[in-house]
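Following: one structure in structure tokens, then a few remarks.
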Amino acid sequence: MTRVERGRVLARAIERAVAHRASARRWTTTTRTPAWMVTGWMGGRGVDRSTAMTRFERCGSTASSKITAAPMVYVRGEEMTAYVMDLIRSRWIEPRVDVGGWETFDLRAKNRDDTEDRVLRDVIEAGKRIKAIFKEPTVTPTADQVKRLGLRKSWGSPNGAMRRGWNGITISRDTIHIDGVELGYKKPVLFERHAVGGEYSAGYKNVGKGKLTTTFTPSEGPDAGKTVVVDEREIVDEEAAVVTYHNPYDNVHDLARFFFGRCLEAKVTPYVVTKKTVFKWQEPFWQIMRTVFDEEFKAQFVAAGVMKEGEELVHLLSDAATMKLVQWRQGGFGMAAHNYDGDVLTDELAQVHKSPGFITSNLVGVHEDGTLIKEFEASHGTVADMDEARLRGEETSLNPLGMVEGLIGAMNHAADVHNIDRDRTHAFTTKMRTVIHQLFREGKGTRDLCGPSGLTTEQFIDAVAERLDA
């Protein structure tokens with residue numbers, strides 16, 4: 001598929017997603033799922049496949065009025081966030097939704113070790129097939145955790161493998177807003193972080209004094225097979241690190257279309273962020289973004305009243321973007337950046353907007369057929385310190401909103417992609433979000449927003465469950 005054809009297919013996919021038009025294809029599979037892929041949800045204890053299927057069948061057979069959840073990949077994590085998601089599934093979801101179509105994978109560090117990371121490879125394959133994924137926060141083990149958990153090695157973050165496996169183009173991180181509750185930004189802020197390339201896929205070696213030569217051998221074209229020198233330098237330090245990485249630009253066209261399409265839908269002003277004055281190799285990122293905007297979106301932004309006639313797409317240096325995120329508290333803008341800059345800037349975005357718990361995180365990839373693969377998760381980690389307090393018997397108060405927004409996004413996307421019980425799924429997820437927002441407005445939320453009088457983790461879960469029944 002050529003880049004132009006790919007762009008057209010992606011544009012159609014984005015239009016379908018924005019308009020919420022569902023695919024007519026119903027998901028089916030005859031794939032046999034290994035027993036170790038499925039885990040128990042309460043307390044993190046593993047169960048075999050037959051036990052899990054018995055539970056699924058029981059969910060679907062006892063209440064015909066239950067919503068039928070569309071096929072979705074559910075990735076289990078660990079520590080405090082896994083505990084809270086266990087509660088949410090048992091108290092909010094499973095009494096009302098038949099989740100028999102979900103494929104659940106145990107991505108805890110111990111299971112990755114036990115399966116030699118086969119579970120991660122199976123998650124990626126399932127994600128390609130099903131196209132809708134929810135992932136709980138997971139642990140990337142430190143050296144101390146490797147010893148404590150009895151692991152054979154320090155397994156790397158699964159995120160990079162997922163981004164590559166699903167042909168990731170962007171990680172979307174947006175502000176979450178609750179009417180009547182003051183957070184950071186008054187209006188929505190959208191952020192697109194290039195999902196691949198940069199330091200995250202780097203190779204490195206610790207070295208001493210010597211000569212460093214970086215070479216490249218083209219695999220096609222007139223110079224195929226001929227090695228060329230990219231860089232050559234003397235290292236004079238006794239201790240140094242040599243790092244190599246590359247930035248792929250083929251999928252920046254897809255990133256641009258997705259970013260500008262979302263900004264247009266939300267009616268917010270787009271900005272492109274680089275450090276191209278210093279890092280000259282970042283220039284193509286800006287040029288591609290500007291070309292796609294000028295040729296495909298500029299007139300639409302003017303027609304929608306988001307930009308004025310003659311107004312150009314604005315480039316921001318990453319230094320300036322850092323300041324603008326603090327200054328533009330009114331919100332109403334979008335930014336797109338390289339992988340590393342996007343990582344740093346979205347951390348700042350989260351702090352301005354109260355905490356990472358009020359930021360969404362959505363990996364968007366493109367299937368080989370041109371349709372979108374979407375993986376949803378919280379933008380924060382496993383909250384290990386709070387889990388340690390819970391295990392000591394202390395009260396905790398974890399705000400689950402970021403994780404719930406991820407679950408809502410995954411369930412809605414699954415229903416849209418597979419066209420299964422779509423209307424009831426959207427109605428249920430909307431009610432779930434509405435109830436959470438109501439409780440926060442009434443001062444009955446978790447303590448990060450409601451102070452010492454706020455509810456504990458378990459009290460908040462129960463409060464939402466009661467209103468879902470109302």
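Note that Cβ sites are derived from N, Cα and C of the backbone, with glycine treated the same way.
Feature annotation from Swiss-Prot assigns transit peptide to 1-26.
Residues or ranges marked as NAD(+) binding site in Swiss-Prot: T138, V139, T140, N159, K324, H380, G381, T382, V383, A384, D385, N399. Under 8 Å, Cβ to Cβ, and six or more positions away along its own chain, N159 (D-threo-isocitrate binding site) finds L363.
The D-threo-isocitrate binding site annotation in Swiss-Prot covers S157, P158, N159, G160, A161, M162, R163, R193, Y200, K275, D319, D343. Mapped onto three states, the DSSP output places R163 (D-threo-isocitrate binding site) in helix. Taking a C-beta cut-off of under 8 angstroms and a sequence separation of 6 or more, R163 (D-threo-isocitrate binding site) has the following same-chain neighbours: I171, A195, V196, L363, G365.
Summarising the annotation, Swiss-Prot assigns Mg(2+) binding site to D319, D343, D347. Less than 8 angstroms from the CB of D319 (D-threo-isocitrate binding site) sit K275, each of them six or more residues away in the same chain.
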For D385 (NAD(+) binding site): DSSP state (helix, strand, coil): helix
Alpha-carbon distance [T138 (NAD(+) binding site); Y200 (D-threo-isocitrate binding site)] in Å: 17
Coarse DSSP state, helix versus strand versus coil, of S157 (D-threo-isocitrate binding site): coil
Environment of D319, D343, D347, the listed Mg(2+) site - residues of the same chain whose CB lies within 8 A of the CB centroid: S318, T322, Y340, D341, G342, V344, L345, T346, E348
Neighbouring C-beta atoms (10 Å sphere around the C-beta of K324 (NAD(+) binding site)): 15
Residue, out of the binding-site residues T138, T140, S157, whose Cβ gathers the largest set of other Cβ atoms within 10 Å: T138
